[in-house]
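A short worksheet on the structure shown next.
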Amino acid sequence: MEKEYLSGLSLHLVTVALSLALFMAQMESSIVSTSLIAITNELQGFDKSSWILTAYLLTYTGFVIIWAKLSDIVGRKPPILVAMCLFVVFSGACGGARTLIQLIMFRCIQGLGGSGIFSLGVVIIFEMVPPRKLPDYTALMAVVLTCSVTFGPLLGGIINNHTTWRWIFYINIPTGVVSLLLLIFILPAKLPGQSELLRSRPDSLDAPLLKTFQRIDFFGALLLLGASTLLVTAFQQAAVGVSFSSAKVVPLLVISGLMWIGFVIWQWFITTRRQNPEPVFPWRFLASRIVMGMTLNSFCAGALLVVCTIQIPQRYQTVNGDSAFAASTRLIAFSLVVPVGAMIGALLVGKTKIPPIFLVAAGGLLEIGGAVGLFMEPTENLIKGWEYGCQVLAAVGIGSINSILLLMIPYVVQERDVAVGTATMAQARVLGGVLVLAIVVSIMNRSIRSDLLQVLSLGEVEALLQTTDVIKSFSAEVQAQVGAIFGKGYNLQMKIVIGFAVAQIPATAMMWTKKPVMVTK
């Protein structure tokens, strides 16, 4: 029996709703980048500013696969509606936060909702259109997702320039309500392209609650979330000056390592020895060299995307003295080209006979070239034109790799694993971003703290790490010295990122087969 896919007005309205929802959820991972200075100037805590982003990305990362697996059991529609409600409500709560701790807590729950939107939104796109349209819709989704990340800083800068930073959160409420209403009334309970295994299950949507929950891998989900959270928290502790050898960091690293090992063992056990619960990360993924190579590529590309998107505007504000809006405009080259790269990558895979692995390798080389150039930026208050060219190189590589990996998923995993496979790539990309951001921030903060003590008193350094507004109170000579120290710190961050870009070479080699994977319509 031929499947009746969505078409006409219903298809267009669902596409609009999902695009808006995905745009908002993904944008929250970057829109704060040009607002961190303004937020911490009001709420205090510049040295803890990365927590504003990390709090969102931790739950965003930790629940991507969990949402996907839950939707495999209860269907796609109920979870995405719940996720959107969480996202909209706690966007409002973030806007109303009165302390940094409140904001961080609300961002965690906002990230939980955003995680569900991202995980399920992409899967629904795969399942609501026939295979022949997948390249076109993948290109559309890739453009939406990359535009949301890269235009987030610009929108944040505009908002900061004209009103309070709180509107970077309030803006999600009206668009979220529109998307929610469209999905409630138009999105079908069961999608045409949904796995036949899932569609045929009599207990998928109508089973007793206990039987349904028995199929959810709560223990695996807990291990995954705990391992990710503790690892990132350890680096965040180091970012605020805590020694890596202290009792506040070492236990976090040790327990995180044990939880990662436990997670792998548990996934092997329930995949090979039991029918229930259904694993959140099937062992067959770990046994697939291609899938693991794609996962590592996604991790490294996510690292470069997040670090560039967050740290480049912040560099222009602290080193060059730009306003939030001016700093965001200097990221336009990067912002414009990432979605273009995503579209080009998806279209090349869909319209040509070039094996995706070759395009991924080319994207990796572009990322390396861009990262090396950004590492060589001047540390003084000086901006060179070639910096924008380096942003373009990195952007094309990032955009193309992300879209190509997304498009490859249905061709390298079993039909029943498309949702979890999609979520795995997303989780790897976000985890790469949040973990590497925590690493580079912790290393930079430790580096600049010792250098700043050479030109400032301890009290001045502590005040500066609470709010960068303090820089304005220094003499012109000291301002130049402080700016150069920050510039050196940001260059150190890019030096670390180069390593992750280079790591994509062996990751891509893992994807090689005698007969390369091809994407066909």
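Every residue, even glycine, has its Cβ placed from backbone N, Cα and C.
According to TrEMBL, the domain 'Major facilitator superfamily (MFS) profile' annotation covers 14-475.
Tertiary neighbourhood of the transmembrane segment (12-39): same-chain residues 6, 46, 49-50, 52-53, 56-57, 60, 80, 84, 87, 91, 100, 103, 110-111, 113-115, 117-118, 121-122, 124-125, 128, 137, 140-141, 144-145, 147-157, 159-160, 165, 168, 172, 175-176, 178-179, 182-183, 186-187, 306, 309-311, 313-314, 317-318, 324-325, 327-328, 430, 433, 468, selected by CB-CB distance under 8 Å and a gap of 6+ residues from either end. Taken from TrEMBL, the feature transmembrane segment covers 12-39 (among others).
Tertiary proximity for the transmembrane segment (51-68) is limited to same-chain residues at least six positions away from its ends with a CB under 8 Å from its CB atoms, namely 25, 28-29, 32-33, 36, 39, 79, 83, 100, 103-105, 107-112, 114-116, 118-120, 123, 221, 224-225, 228-229, 232, 236, 280-281, 306, 310, 419-420, 422-424, 426-427, 430-431, 433-434, 437-438. Annotation comment: TrEMBL describes 51-68 (among others) as transmembrane segment.
Under the heading transmembrane segment, TrEMBL lists 80-101 (among others).
Taken from TrEMBL, the feature transmembrane segment covers 108-126 (among others).
Same-chain residues lying 6+ beyond the ends of the transmembrane segment (138-160) with a Cβ under 8 Å from its Cβ atoms: 15, 19, 22-35, 38, 121-122, 125, 167-168, 171, 305, 309, 313, 323-329, 331-332, 334-336, 338-339, 341-343, 345-347, 350, 395, 398-399, 402-403, 406-407. Per TrEMBL, the feature transmembrane segment maps to 138-160 (among others).
Annotation source TrEMBL lists transmembrane segment at 167-189 (among others). Long-range neighbours of the transmembrane segment (167-189) within the same chain, counting only residues 6 or more positions beyond its ends whose Cβ lies under 8 Å from a Cβ of the stretch, are 6, 10, 13-14, 16-18, 20-21, 24, 28, 31-32, 35, 75-77, 80-81, 84-85, 87-88, 91-92, 94-95, 110, 124, 155-156, 159-160, 205.
The transmembrane segment annotation in TrEMBL covers 218-242 (among others).
The transmembrane segment feature in TrEMBL is assigned to 249-270 (among others).
The transmembrane segment annotation in TrEMBL covers 331-350 (among others).
Below 8 angstroms of C-beta separation, residues 122, 126, 131, 134-135, 138-139, 141-142, 145-146, 150, 285, 288, 290-291, 294, 297-298, 301, 304-305, 308, 312, 330-331, 333-346, 348-350, 356, 359-360, 362-374, 420-422, 425, 429, 504, 517-520 of the same chain, each at least six residues beyond the ends of the transmembrane segment (388-413), sit close to that stretch. What TrEMBL lists as transmembrane segment is 388-413 (among others).
For 425-444 (among others), the entry in TrEMBL reads transmembrane segment.
Marked as transmembrane segment by TrEMBL: 496-513 (among others).
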Other than its close neighbours in sequence, what residues sit by the transmembrane segment (218-242), given a CB gap under 8 Å and a spacing of at least six beyond its ends?
47-48, 50-51, 54, 58, 61-63, 65-66, 69, 248-249, 252-253, 255-256, 259-260, 262-263, 266-267, 270, 277, 279-281, 431, 434-435, 438-439, 441-442, 445-446, 449
